[in-house]
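Report on the following structure.
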Amino acid sequence: SATIVFEQSYHEVDGDSASLAELCCLLSALAEAPIQQGLAITGAVDQFGQVQAIGAVNEKIEGFYELCAARGLTGQQGVIIPAANLSQLNLEPHVIAAVERGDFTVYAVQHLNEALELLTQADQKGLYEKIEQRLRELQPQEPPPSLWQRWFGS
């Protein structure tokens, strides 16, 4: 079983900035579609799939960039952020230079579907068809009626 909560809470290191990542992971698992491991993702999401702004966007991007740089930039790494946070970007010059060189990418998304396509490299329609099929497979089958149920017609 899985639970995704669409609530906004901000207490110390608590918050909803991982809800987009959680939902993408759940849908990826249901579709049995692997997620690109060179991408980080942050963002809140509402019950309609709209991606919402988060706090500390610069620190999150720069933190993942530093990890990638320490391990070696491949040009395949990047971070997915809410489009609503674009106006708040104020990245360090070396991060901007890496983006300009194509060594690192910052993707801005407005909807869950955009993030899923980036993470799984699968088209939206095919991905949701796989999810629907998987949910049908996971749905418990109703056992045949027992002798007593058949006898008493219940």
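Along the chain as shown, the residues are counted starting at 1.
Yeah, the Cβs are placed from backbone N, Cα and C, and that goes for glycine too.
Unlike curated records, TrEMBL annotations are generated automatically.
What TrEMBL lists as domain 'Lon proteolytic' is 1-122. Feature annotation from TrEMBL assigns active site to Ser17, Lys60.
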Seminar exercise, completed: Judged by other C-beta atoms within 10 Å of its C-beta, the most isolated of the active-site residues Ser17, Lys60 is Lys60
Exercise. Where DSSP helix means H, G or I and strand means E or B, what are the helix, strand and coil counts for the domain 'Lon proteolytic' (1-122)?
Worked result: 52 helix, 23 strand, 47 coil
Problem set entry | Rounded Cα-Cα span from Ser17 (active site) to Lys60 (active site), Å | 11
Problem set entry | Stretch-averaged pLDDT - the domain 'Lon proteolytic' (1-122) | 92
